[in-house]
Amino acid sequence: MHDWVKQGVLLATRLSEWSLLKAVRQGLMYSLPLVLIGAICTLLLNFPLLESFKGVSLPWGGLWGDILRGIRHGTLSIISLTVLIGVSHAIFSSDKSLESSSHIAAILVVLGSYLLFIGSDSSEWLTLLSNQGLFLSINFALLVSYLFLWLYRHRLIRFRLYTHNPDDLFHGMLKLIEPAFWVFVIVALLKALGGSYLSGEVNLAPVSDFLSGLPFYLAGVLYQMGVSIFWFGGFHGNNLLEPVMLEVFGAFRAMNQELISLGGLPEWILTREFFEVFVHVGGTGATLSLLIALWLKGSRGGTAHLAKLSLLPALFNINELLIFGLPIIFNPFFLIPFLLAPLLFLSTSYLAMEMGWVPLVTHEVSWTTPIFIGGYIATGSLAGSILQGVNLILGFFLYLPFVVAYERYRHQSSEGVLHALAIEVSEGRIDQSVSILSLKDERGALSRELVGDLSSALLRRSSELFVLFQPQVAYDGRVVGAEALFRWRHEREGMIPPPLGIRLAEEAGLMDGLGSFIIESGFKEKAKWEREGKGDLWLSLNLSVAQIENPQLPQEIERLAREQGIDLKGVKFELTETAAFTQTQEICEGLMAIKALGARLAIDDFGMGASSLFYIKEFGVEIIKLDRVLVEDILSDANSRGIVASVATLCKELHLSLIAEFVENAEQVEILHKLGCSLFQGYHFAPPLSSQAFDDFLSQRATL
């Protein structure tokens, strides 16, 4: 990769990490539902094959067209307002100085000051609430939100209320009064000093005159650059430059038709339909090419999924889902191709028509006409469709390296988030009562994307999901069994730490499906052992609280065992002490039903808890696995050795098997054996192994 390319990617990465742009991207995401609904209504209202649609009467006397226009107005007419609220919310949510209970009130301050700034007395104020006011609303939200936070931190009046709840809503609202007051004062001053210019009509006649005096091709290039730049910056470029389009290019298609009617040949290449059919393929920025690149090279649960959702509207040149959902606006990774792709399409199309390879545009075409159909109708020739296809391919190759760079950036960003999240989950820093799927930051976003991928992988029985088997070994070296351990090799993120994968499955309600997959995989391995004369090996499987509380679990276990033809007496189900601590009626009934099938029960992470002793007494638990901390500290901590000795004595008196897992060296084995433990599991003997590797391990042990 050339140095300048590396520098460009590095710059784009740094810009993408900028907190302001992060807030803008999040704010744009909030508008997606309205954008999608509005886009669907726009498509139906402008559908090229349903011109009579608007006249169809509804049974209750209304018109379909009136309803669709009403929905479109109710959604797209407040897009800027939605983004303003979203950007403000993103900023306030990421700030630790402002209590979460104050976020709504702070957002209302920004909203109220925005309405003050644009002024309801202006003839343009409704326009500024729609997508044509995006640039103003985004920058206003950034400026005023950060201004509000600064004023909040430096407020002069400090309320001290000694109430039963010092963080009650009333107290929080009092603290917002002073910064809110100063925000309104400052915005009102700005409005008085210069805000009135917002309501003024922009005179584009000089722009039209300038372009009209240029060579035709150059005028088209400059016009298209203006449209793309405005769109990327948050303006609706097509609407903003509509007077220029009408003045400079608007009449030429009709003039071409008139020349043909007089027996002449068309002369004008650049027409409104030329831009709509051959330049804006998939919408402004030629984003149908981007969509294909995302579909082929994007992450399956992220950008590729967005591309699939965007395909249908993009075929009709409606690209708001990509503009707002990716997003393209203010996204430094897509600035260059977003500007260059339309210019490339304009140049190739202009050249093809100038050289006579493709007929000039002589027919009126709706801007929502799909690709290939529009090219044929506009030119009256199949060559027009072929030209659209050539442009589509060229645009794909132009967007492709930028999509790859963007995906690489997303992957690198998510790697750090994934690592931090996995540590927080495995070390218990995120309490079980807190849903990681509901987190409003990068951790939550990544978690939700991973859950989508996990659900898809389960439905497809993807090879991303698999089970490994870690041997359980006696002190004399005999292999007595193995524990089935779930693993997930994500196509983009790599190996997902098991505690995180299980936590995601539990929160998303996928644990039944995932648990069934693990049990089935384990039973298949157990059946193979029995066929090969290794039926004395036991199989260990973990059960979560969610699984045990499912009344269908015993029937599922029985069904899978019957399908594989195994004896459940050689299977032990491990209940974590966390699950054992939850003594619900559903868990008790579930364990009794599993025990009735002939399976054995074990308690994992045993630490002499009262709940664990209860299950030993009530359900005949036969196996205990020592808590990881006890094993890890066995060499250095006398208390750990004392606890292990006590547990070993208990197991001996109750005729229970005792297993020490996470054993990593011979010294631990010797001390644990002296204390009364004779079964072991850990990397000292073997890591979790594939089915074939486990067979090899058994063969090696048999020759010792």
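Just so it is clear, glycine is given a Cβ too, placed from its N, Cα and C backbone atoms.
Per TrEMBL, these features apply:
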type	residues	note
DOMAIN	1-402	domain 'PTS EIIC type-3'
TRANSMEM	28-50	transmembrane segment
TRANSMEM	70-92	transmembrane segment
TRANSMEM	104-120	transmembrane segment
TRANSMEM	132-152	transmembrane segment
TRANSMEM	173-194	transmembrane segment
TRANSMEM	214-232	transmembrane segment
TRANSMEM	277-297	transmembrane segment
TRANSMEM	365-383	transmembrane segment
TRANSMEM	389-406	transmembrane segment
DOMAIN	447-702	domain 'EAL'
Candidates 28-50, 132-152, 173-194, 277-297, 389-406; stretch with most C-beta pairs under 8 Å toward the transmembrane segment (104-120):
173-194
Would you mind listing the long-range same-chain contacts of the transmembrane segment (214-232), meaning Cβ under 8 Å and 6+ residues beyond its ends?
238, 240-241, 244-245, 248-249, 268-270, 275, 279, 284-285, 323, 328-330, 335, 338-339, 342-343, 346-347, 350
Recorded stretch, among 132-152, 277-297, 365-383, 389-406, maximising Cβ pairs under 8 Å relative to the transmembrane segment (173-194):
132-152
Range from 132-152, 277-297, 365-383, 389-406 with most C-beta pairs under 8 A to the transmembrane segment (28-50):
365-383
Could you tell me the mean pLDDT the prediction assigns to the domain 'PTS EIIC type-3' (1-402)?
79
